[in-house]
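Listed features, source TrEMBL:
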DOMAIN    C:3-140  domain 'Aspartate/ornithine carbamoyltransferase carbamoyl-P binding'
BINDING   C:Arg49, C:Thr50, C:Arg99, C:His127, C:Gln130, C:Gly253, C:Pro254  carbamoyl phosphate binding site
BINDING   C:Lys77, C:Arg160, C:Arg212  L-aspartate binding site
DOMAIN    C:146-290  domain 'Aspartate/ornithine carbamoyltransferase Asp/Orn-binding'
Amino acid sequence: MSNLFSMRDLSTKEIHEILHTAESFAKGEIWTPAKQTFAVNLFFEPSTRTKTSFEMAERKLGMEVIPFETGTSSILKGETLEDTLKTLESMGVDLAVIRHKQDAYYESLAGKFQMKIVNGGDGCGQHPTQSLLDLLTIKQEFGKFEGLKVTIVGDLSHSRVARSNTEALTALGSEVFYSGPPEWFEGDPENAQNYVDIDEAIGFSDVLMLLRIQHERHNTMMDLTVEQYHERYGLTPEREKRMKPESIIMHPGPVNRGVEIAGSLVESCKSRIFKQMENGVYARMAVIKHILEK
Amino acid sequence: MSNLFSMRDLSTKEIHEILHTAESFAKGEIWTPAKQTFAVNLFFEPSTRTKTSFEMAERKLGMEVIPFETGTSSILKGETLEDTLKTLESMGVDLAVIRHKQDAYYESLAGKFQMKIVNGGDGCGQHPTQSLLDLLTIKQEFGKFEGLKVTIVGDLSHSRVARSNTEALTALGSEVFYSGPPEWFEGDPENAQNYVDIDEAIGFSDVLMLLRIQHERHNTMMDLTVEQYHERYGLTPEREKRMKPESIIMHPGPVNRGVEIAGSLVESCKSRIFKQMENGVYARMAVIKHILEK
Amino acid sequence: MSNLFSMRDLSTKEIHEILHTAESFAKGEIWTPAKQTFAVNLFFEPSTRTKTSFEMAERKLGMEVIPFETGTSSILKGETLEDTLKTLESMGVDLAVIRHKQDAYYESLAGKFQMKIVNGGDGCGQHPTQSLLDLLTIKQEFGKFEGLKVTIVGDLSHSRVARSNTEALTALGSEVFYSGPPEWFEGDPENAQNYVDIDEAIGFSDVLMLLRIQHERHNTMMDLTVEQYHERYGLTPEREKRMKPESIIMHPGPVNRGVEIAGSLVESCKSRIFKQMENGVYARMAVIKHILEK
């Protein structure tokens, strides 16, 4: 693997290798490239959380991180993404992490660069390092993926996480279900067949993977108030009590307290939400190490 | 001390210890944490000067400084400051420096984090590292605080510096006076009793501590032109000549030349204005060292 | 040389020394200052490309680069550039790279700072490190400057590059010609005498140095469509075929593909466009090394 654009780029063997490396970073292992290595994080769509996580990962690996202000870049003067990357490569940048609102923007880049590229999220498409940190969190908890029941709760159509995770979890032997307002699954026969009501899901799920309700992207509330949405589809304290004893709650953040999850549950016993953020750094370190060693 | 929110957090013994450490940094001492240490400067209110000073201090201590763009952060998606900090802590950040326009924003944060927190200025409240750099500058000059007469000239009600400094200087044995347009001290009986006219202040003050006239915050000019204000309340070259021989001029910057101080005095013999900026780096290094060692 | 404001600051001997140092960096030589050294890049006019190149150069020299957001700096509160620089110098900054839209902004700064200053471009004036990287690229190619014929194609009146390059190349023994729409050279008798039509220029030039058509700055198209401009004055694939065998194409970037140069020629055999970007890092490393060692 010389780039990471999509979870589809990874065989299950490679996923296991990356998770293994990430676990050793979580245990405190230190690895740095043999020579001074330069990274740039090109976030054409803002995401402080993901950008900070990549920056932490790069710094922990001893890399030099070159700031790049997408808001004032030559792209505004009509330069193509490819020419911007060629420029950075010419200057000596070894790794570019890119977030872009255009779906599959990376397809036009494949095979054109010596520089390594990691997709930090594209449109409503892939977000492979988020998937890997989610997988790492599950593996740390259960030691395996085979036979686990994972329910993703929220609007799949606007979630990069849901897409990447479903493919990877299925390949690794887990069973994936979906929950949320049934309207979101109409006209989506493939996912609709694994649709379950939230009250059913909490009874059998090993992992409850909540998605953020994306107020920013569209009106998803369907005439429900926030309170009504929470009561009907959210993880309330009452529902949490009915979850299986060894089950866990996940959420990619940032959390809407009192919408998809009750505020009191964010740091509860079953929650792995902040563990996921910690794991994000280890997963990204592992991806970068694998790519640089290639 | 595991955080520094306010000068009230510090005993006079701790103030003396921090100043002692700062003086050794000023003399060229080098200290770095035993392991890779991560800082983030969260400036929700812009202040290039203070932010740059903290960044210099952190880099001189060999820390990794993670950039954080408050303008595009998840806080805009409704995330609380506490959740943002929890996220950064989860990712491995060791120190957060925070500037926020809300008075005493830090009260809700106390006791909730392993990560260390330094207040880089809150609303019209505290700005403890500015106080410490001012104290360092006075100590370098006079070797003591006992018996010194310090006059603060400007609008106390909008100045973080004045608040923090008055408390600390009084505790350390100095006497603090105030000057400026008398209207600013009406309805403030506590400070009004130490009010002195500028022409009186320059006669007895060891330290003349000028504040910036905050055009940005409110209309402070009371129908005076800039020239009239300067003539009536500012430090003119004529007044400077009447100051005590060993006395000094201080100003937190940025300076309004020709308003609170004549332009020609900014780099005059008595001015410690650029010395204060140098000392800011040493004072912040000392605070961070004390906090990290705790 | 303790600052670099303009190519006029450099003797031809100094130019040759800097190019020699830059060539050794290009070959992988490593040099770092003896002690921790701080740089700040003050770009009051955005230029991601130049800023990133300086940042790469500074990091490759092992310097600490302090971020500085000109958009929120005290300059907005009325602070002068000189006071901002005094502040940074007081805090311990060793090197300031400045880009500013005001022509010759640096004239008022000369002799006032211990800190070193490099001009990263001023208004329509100088851009000395761009000239040096262009010279480096020519020297790598031809091993000399004497007797070379260099044609600059574009609007000289808005180009920092053209000004700096003409002076330096002439001093080094090359002959400089100009091409582009004749209207741009009317009323400019000095340059008009070296004006040549593009179809003539491609026949004799060793170096064809294209400038970016600055849509941003003014209406330069004179009622021509982009296609008409390209056909009449641009480097088309047909013209490229008529260039001398050993001649090269240069462009400071960012390129307007299909305007001043056909898109297919940007990465063609004769193009040194991405080589120039690589050389920019080495040229800036060399300038900084020479300045810091002074």
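Placement of Cβ uses the backbone N, Cα and C atoms for every residue, glycine included.
Shown on the structure are the features that TrEMBL records.
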residue	record	contacts (Cβ under 8 Å, 6+ apart)
C:Arg49	carbamoyl phosphate binding site	C:Gly253, C:Pro254, C:Met277
C:Thr50	carbamoyl phosphate binding site	C:Phe43, C:Arg99, C:Gly120, C:Gly121, C:Thr129, C:Gln130, C:Gly280
C:His127	carbamoyl phosphate binding site	C:Asn119, C:Gly120, C:Gly121, C:Arg160, C:Val161, C:Ser164
C:Arg212	L-aspartate binding site	C:Gly154, C:His251, C:Pro252, C:Gly253, C:Pro254, C:Val255, C:Asn256, C:Glu260
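The DSSP secondary structure for C:Thr50 (carbamoyl phosphate binding site) is helix. Sorting the domain 'Aspartate/ornithine carbamoyltransferase Asp/Orn-binding' (C:146-290) by DSSP state (H, G, I as helix; E, B as strand; all else coil) yields 64 helix, 22 strand, 59 coil. Just so you know, of the binding-site residues C:Arg99, C:Arg160, the Cβ with the fewest other Cβ atoms around it within 10 Å is the one at C:Arg160. Taking 8 Å as the upper bound (exclusive) on CB-CB distance to chain A, the binding-site residues C:Arg49, C:Arg99, C:His127, C:Gln130, C:Arg160, C:Gly253 give C:Arg49, C:Gly253 in sequence order.
In sequence order, C:Ser47, C:Ser53, C:Gly121, C:Pro252, C:Gly280 are the residues of the same chain, not among C:Arg49, C:Thr50, C:Arg99, C:His127, C:Gln130, C:Gly253, C:Pro254, whose CB sits within 8 A of the CB centroid for the carbamoyl phosphate site. Taking DSSP states H, G and I as helix and E and B as strand, the domain 'Aspartate/ornithine carbamoyltransferase carbamoyl-P binding' (C:3-140) has 66 helix, 23 strand, 49 coil. Confidence for the domain 'Aspartate/ornithine carbamoyltransferase Asp/Orn-binding' (C:146-290), expressed as mean pLDDT, is 90.
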